[in-house]
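J.: What Swiss-Prot lists as Cu cation A2 binding site is CYS196, GLU198, CYS200, HIS204. Residues or ranges marked as Mg(2+) binding site by Swiss-Prot on the basis of experimental evidence: GLU198. Annotation source Swiss-Prot lists topological domain 'Mitochondrial intermembrane' at 1-14, 88-227. Annotated transmembrane segment per Swiss-Prot: 15-45, 60-87, in sequence order, evidence recorded as experimental evidence.
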Amino acid sequence: MAYPMQLGFQDATSPIMEELLHFHDHTLMIVFLISSLVLYIISLMLTTKLTHTSTMDAQEVETIWTILPAIILILIALPSLRILYMMDEINNPSLTVKTMGHQWYWSYEYTDYEDLSFDSYMIPTSELKPGELRLLEVDNRVVLPMEMTIRMLVSSEDVLHSWAVPSLGLKTDAIPGRLNQTTLMSSRPGLYYGQCSEICGSNHSFMPIVLELVPLKYFEKWSASML
């Protein structure tokens with residue numbers, strides 16, 4: 001969950017998001033070291049009176065600054081590709097939910113159940129109850145079981161949308177005429193908020209996403225009450 005004046009990411013709730021946080025720290029360390037080295041070299045160039053106007057070539061230096069960046073790029077690319085393949089992997093999902101983007105709300109369909117579908121609209125600010133979050137609360141939350149692999153099928157009825165939940169490391173484009181898929185698995189129960197992350201019109205900011213992850217027995221009770 002985000003909070004005011006937050007500088008970092010939201011707390012990771014899924015294994016994928018934990019991997020993304022580790023990759024971010026790994027890449028940030030490399031960028032910090034390179035930036036420090038470049039700033040140090042620039043400061044030396046500005047403060048020293050020594051020059052090398054007679055130097056015509058320096059093959060050793062050229063070899064180093066060709067090979068070293070290649071090694072650094074490999075150190076960044078390998079963990080990035082690993083996470084990319086992990087995000088695309090689908091392992092026997094326990095539940096499949098189809099979400100459709102509309103201007104400007106989301107609709108959900110639990111394909112493993114008959115007639116379990118609903119629309120999810122943002123609750124207007126004037127109707128919020130004490131403790132509820134402005135521009136993030138919806139009238140129908142997406143209730144899902146925790147610690148289970150869930151497949152999300154994402155598409156759109158009209159224009160481009162994007163279904164995103166930061167704390168779960170999810171962001172999937174909703175494209176008209178195309179069905180994209182992603183998987184999620186929450187390691188703990190709770191409410192997780194997201195929003196449409198693709199500009200889709202005048203009310204783009206009013207398309208929140210709320211996932212309610214609960215233990216399996218509570219999910220079964222909820223699904224039975226919705227049928």
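Cβ coordinates are placed from backbone N, Cα and C, and glycine is handled just like the others.
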J.: Within 8 Å of the Cβ centroid of the Cu cation A2 site residues CYS196, GLU198, CYS200, HIS204, which other residues of the same chain have their Cβ?
T.: GLY101, TRP104, VAL159, LEU160, HIS161, SER162, SER197, ILE199, GLY201, MET207
J.: If H, G and I count as helix, E and B as strand, and all else as coil, what does DSSP give for HIS204 (Cu cation A2 binding site)?
T.: helix
J.: Helix, strand or coil for CYS196 (Cu cation A2 binding site)? Use DSSP.
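T.: In the DSSP reduction, CYS196 (Cu cation A2 binding site) maps to strand.
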J.: How many neighbouring Cβ atoms, not counting its own, are there within 10 Å of the Cβ of GLU198 (Cu cation A2 binding site)?
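T.: Total other Cβ atoms inside 10 Å, all chains included: 18.
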J.: Restricting to the same chain and to residues at least six past its boundaries, which positions have a Cβ under 8 Å from a Cβ of the topological domain 'Mitochondrial intermembrane' (1-14)?
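T.: For the topological domain 'Mitochondrial intermembrane' (1-14), the list is 20-21, 24, 166-170, 184-188, 190-193, 213.
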J.: Taking the Cβ of CYS200 (Cu cation A2 binding site) as centre, how many other Cβ atoms lie within 10 Å?
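T.: Around CYS200 (Cu cation A2 binding site), other Cβ atoms within 10 Å: 21.
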J.: Mind checking how the topological domain 'Mitochondrial intermembrane' (88-227) divides into helix, strand and coil residues in DSSP?
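T.: Secondary-structure breakdown of the topological domain 'Mitochondrial intermembrane' (88-227): 21 helix, 61 strand, 58 coil.
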J.: Quickly jot the same-chain residues contacting the transmembrane segment (60-87) by Cβ under 8 Å, restricted to those at least six beyond its ends, or write none.
T.: 16, 19-20, 23, 26-27, 30, 34, 169, 182-183
J.: Tell me the Cβ contacts of CYS196 (Cu cation A2 binding site) under 8 Å, same chain only and six or more apart in sequence, or just say none.
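T.: Correct list: GLY101, TRP104, HIS161, SER162, TRP163, ALA164, HIS204, MET207, ILE209.
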J.: Just how many other Cβ atoms lie inside 10 Å of the Cβ on HIS204 (Cu cation A2 binding site)?
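T.: The answer is 17.
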